[in-house]
Every structure is written in structure tokens, then in C-alpha cells.
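Read the structure below first, then the notes.
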Amino acid sequence: MQRARPALWAAALIALALLRGPPAARAGSGAAGTGPVVRCEPCDARALAQCAPPPAAPPCAELVREPGCGCCLTCALREGQACGVYTERCGAGLRCQPPPGEPRPLQALLDGRGICANASAAGRLRAYLLPAPPAPGNGSESEEDRSVDSMENQALPSTHRVPDSKLHSVHTKMDVIKKGHAKDSQRYKVDYESQSTDTQNFSSESKRETEYGPCRREMEDTLNHLKFLNMLSPRGIHIPNCDKKGFYKKKQCRPSKGRKRGFCWCVDKYGQPLPGFDVKGKGDVHCYSMESK
């Protein structure tokens, strides 16, 4: 029996490793940590009996377990080979990493544009997503202006110490008027920048809705939801397989879950199942002739 490509839990584990830090642990591994825990069904004799024979040794240098909660063995990817959420695992001592300098590392892994590289460099993954710390001593313009205003306010009474001096009185009034104009200008600048920022945020949200397809929006909503979970259920989460434009790829899969074998089906670009394909069907489903590029 042909096995279905196990896509779901590889996506969940990689997404959590990137977004939360520590990798997800299997329930029976006994690994301690604060990361989320994935509870997989046991790989007993009944589950292993449903696996196809492992690949022969010459074409397969190393055997590894299926991604996620799968129980069967498959060929491991070698160093330098392309990898991602929907591919097989990298070999021992290797980890799937986004290309160096990739501006969107998580999307690169979802698109299968990662590279199997030495695991000692895997700690760099989080650096792609962590925002740069603010430079020390960087204050806002309004804080600097307030400091200047405070210094000017402290110096202002000195102009009143000269008795019966009309010249100093005129200068004092001029200074007060100038300061008032400066504060009004700063207040207008802050209000204008705030309105401009709100307009840009609204425009970016509108642009996201129009540019990203339904599959991409579902995937991002699911990954955002995973940030707040401390425990994952293999039955409760589905991460779709999206193309580069954010629409659904023709082939969607559910992974193996211990005793329960995975399955695949074909959909259109909006995620609707195509007629003639049984969603619960077993074995491999060939949608490649219709695969969107």
C-alpha cells in the first residue's frame, strides 16, 4: 500500500520551532522543556504492519521515520538537498534550514526551498524571526523635544530677573510665542504621522487580502493560533499545502497518525474537492498533471 505524504505534523513542528523556540517533543520521549507537546498515537505492531517495506539499501543511504506522527521508515535527505515542510526528513546530524539571507524563512520552508545543513548551525533559524533590539539611547523626537522644552522653561524665568527692562520683556514674549508655534507644529506633526500610519496599516491589510489567496490566509491564521497552544492534538490541526500565490495546491494530504494511515485528495485552487476523488481514499493520489505552477 502506498503511503500518503505526511505533511501536517512536519508543518506544525517546524512552525512551532520557528515561532516558539524549542522544538516540539514526542509524548513518549521524556524530553523536558517549556515547548509545546505533540501527543502521537503509539507505533505498535498493528501500526507497523501497515507500513510498506523500507527502501533498499543502495538508493537509500539512511532510513528515518516519517515526519510528524508517522511510524513507517523512509529515505533520509542528504546534506545540501532541498527540503521543507512537505518533504522527507534530513539525515542524522542535519536540519532543514532556510537559505542564508532569506527574508521570509518560514515561507521558504513551506515552499520546500530549505536546505539540509549541519544541525550545529540550526540555532540561526530563530535569528531570522527575532526583531532587532532597539539601539540604546534611542528616544523619540517628542521626548527630545520635551527635554528641550524643559530646559527652555527652566531658563525662561531668568529673563524676568532684569527689572524694568522693556527690551528683555519683548524678547521674553517673542520666545514664548516662538515656543507656542513650535509646540503647535510638533503636535500637528505627531497627529499627521499617526493618521498616516493608520492609513498605511489599513492599506497593507487591504493589500494582504487582495494579494494573498485563501490557502495562504488559512495557513497564517493556523500558525498564529499555534503560538498560543501548549499542547497539540494530532486530530485537531490542519495546515494546507499552498502555492506561491497563496492558493491551494492540487494535492492536499492528511498524515499518518500511528495506526491510522494518511490519505491525499485533489482540490481546486480555492480548496474545494475535485469530483471523482474520494477524500477518504487510501493509497497515492496523482494530481501532478493538474499541479499549478
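Every residue gets a Cβ built from N, Cα and C, even glycine.
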Worksheet item: Between Cys40, Cys96, Cys116, Cys215, which residue forms the disulfide that Swiss-Prot gives for Cys69?
Response: Cys40
Worksheet item: If you pull up Swiss-Prot, which of Cys71, Cys72, Cys116 shows a disulphide to Cys90?
Response: Cys116
Worksheet item: Choosing among Cys51, Cys60, Cys83, Cys96, which residue does Swiss-Prot name as bonded to Cys75 by a disulfide?
Response: Cys60
Worksheet item: According to Swiss-Prot, which candidate among Cys253, Cys266 shares a disulfide with Cys264?
Response: Cys253
Worksheet item: Can you tell which of Cys215, Cys287 Swiss-Prot lists as bonded to Cys242 through a disulfide?
Response: Cys215
Practice prompt. Report the member of Cys40, Cys264, Cys287 (the disulfide-bonded residues) whose C-beta atom has the most other C-beta atoms within 10 angstroms.
Written response: Cys264
Fill in: Helix, strand and coil totals (DSSP H, G, I; E, B; other) for the domain 'IGFBP N-terminal' (36-119)
12 helix, 21 strand, 51 coil
Item to complete: May I ask for the distance between Cys215 (disulfide bond) and Cys253 (disulfide bond), taken between their Cα atoms and rounded to an integer number of Å?
Response: 14
Worksheet, complete the sentence: Cβ atoms other than its own within 10 Å of the Cβ of Cys69 (disulfide bond), all chains, total 28
